[in-house]
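One structure below.
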């Protein structure tokens with residue numbers, strides 16, 4: 001194909017080729033040609049970004065997806081019921097894994113894509129790239145803001161709310177920004193392992209703790225009480241959409257995979273990492289959330305660690321704290337890496353440790369950290385920040401855009417018959433699901449945020465109140 005035979009020069013900072021394939025199939029470029037179109041070159045002089053194995057990529061993907069969302073999903077099951085919530089977890093994870101593969105396959109055909117913004121440039125030109133780039137930054141700022149809330153929650157739990165929550169949030173933002181400022185994913189490797197393992201252990205300890213208690217910590221301390229567990233629930237539209245958006249967000253980190261693929265030794269191994277991630281993330285969210293909901297019922301706190309009582313809440317948060325900081329540092333790192341490459345692409349400063357290189361990298365991280373801190377104190381509730389991110393950004397990034405990428409490269413499929421035509425319409429249905437999540441999810445979360453302010457659940461911005469375990 002002519003698309004795959006462009007020279008390296010054709011893929012400069014503002015000249016990524018908007019390929020137009022009309023054939024029912026398009027082949028990926030050869031491994032040698034793909035290498036010339038990579039953003040980061042394998043080098044021994046300067047910074048070598050291309051050092052991530054597929055196993056390490058899997059761990060990073062796991063840490064991206066298995067993070068603070070587990071603290072919100074049990075509450076989503078309380079809204080949807082055990083059966084509805086379980087079906088939602090399985091369906092969303094399967095769909096998210098499939099679209100993650102679509103993103104990787106698109107990049108294999110267009111290896112110059114470092115982020116979704118580059119991919120959108122191929123579809124819609126420079127304007128598409130800039131709009132998508134802004135969306136990526138806003139999404140990552142919201143996710144990092146949710147991370148600041150979760151880390152400040154941990155500090156409150158560990159210290160018995162010894163100081164204003166805003167102070168803890170500021171400390172959280174500084175720690176997350178410090179981790180984000182590590183330049184390459186390979187150097188984040190052992191820290192990412194540490195983050196995943198500590199967070200997994202914390203969740204496991206918490207789950208065991210709730211199964212060993214006579215009653216949930218948030219339930220009445222004496223007398224009879226109604227657990228409130230239900231197989232099927234019938235929530236309002238706003239509550240149901242907020243819960244569904246939270247579950248969808250659990251496995252919707254695939255839009256952050258592209259910068260990591262760009263730093264893999266062999267991007268061709270990406271599919272293995274994506275499949276293992278989808279399988280493991282789905283299994284962990286399903287099993288942990290079902291057990292937590294079975295033993296806590298309606299007496300869930302948000303975040304969920306508060307449901308285990310004061311002692312185990314402290315133990316869980318103490319173990320999880322490194323994982324929370326590291327996981328949220330990855331989110332900010334992805335946004336910072338996008339801006340960094342966007343500013344320095346095709347210049348000598350991209351992979352050389354010059355003053356421009358370092359000042360750009362550190363400056364971007366500080367600005368993103370400051371913005372995330374401000375947002376975290378404007379909407380200081382984890383569920384709503386995650387739900388808003390899932391509806392407004394993850395739905396386009398992980399459903400609509402991947403399906404459009406496939407349609408772009410295989411547009412001829414819609415004129416064929418049988419299986420190929422069905423495959424084309426399958427991706428059309430994925431786009432419709434994504435649009436429904438954008439409109440319905442955003443509406444539902446917006447109503448929930450309005451009700452939270454009206455009822456006093458969010459009393460004011462930059463609030464000093466303890467956030468380590470209120471009833472959801």
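Note: Cβ is positioned from N, Cα and C throughout, glycine not excepted.
Taken from TrEMBL as is:
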- 1-30: region 'Disordered' (REGION)
- 51-445: domain 'Amino acid transporter transmembrane' (DOMAIN)
- 131-155: transmembrane segment (TRANSMEM)
- 167-186: transmembrane segment (TRANSMEM)
- 193-212: transmembrane segment (TRANSMEM)
- 232-261: transmembrane segment (TRANSMEM)
- 273-295: transmembrane segment (TRANSMEM)
- 315-334: transmembrane segment (TRANSMEM)
- 355-375: transmembrane segment (TRANSMEM)
- 381-401: transmembrane segment (TRANSMEM)
- 422-446: transmembrane segment (TRANSMEM)
Look over the recorded stretches 193-212, 232-261, 315-334, 355-375, 381-401 and say which has the most C-beta pairs under 8 A to the transmembrane segment (422-446).
381-401
What stretch in 131-155, 193-212, 232-261 has the biggest tally of Cβ pairs under 8 Å against the transmembrane segment (381-401)?
232-261
Which sequence-distant residues neighbour the transmembrane segment (273-295)? Criterion: at least 6 residues beyond either end, Cβ under 8 Å.
54-55, 57-58, 61-62, 65-66, 69-70, 73-74, 76-78, 82, 85-86, 89-90, 93-94, 96-97, 100-101, 104, 200, 203-204, 206-207, 210-211, 213, 216, 229, 247, 250-251, 254, 257, 304, 307
Going through 131-155, 193-212, 232-261 one by one, which has the most CB pairs that fall under 8 Å from the transmembrane segment (167-186)?
131-155
Looking only at residues six or more beyond either end of the transmembrane segment (232-261), which have a C-beta under 8 A from one in the stretch?
52, 57, 60-61, 64-65, 69-70, 72-73, 75-81, 83-85, 88-89, 92-93, 96-97, 99-100, 103-104, 107, 113-116, 118-119, 136, 139-140, 185, 267, 270, 274, 278, 281-282, 285, 330-331, 334, 337-338, 341, 383-384, 386-391, 394-395, 397-398, 401-402, 437, 440-441, 443-445, 447-448, 451
Which listed range (131-155, 315-334, 355-375) shows the maximal number of Cβ pairs under 8 Å with respect to the transmembrane segment (193-212)?
315-334
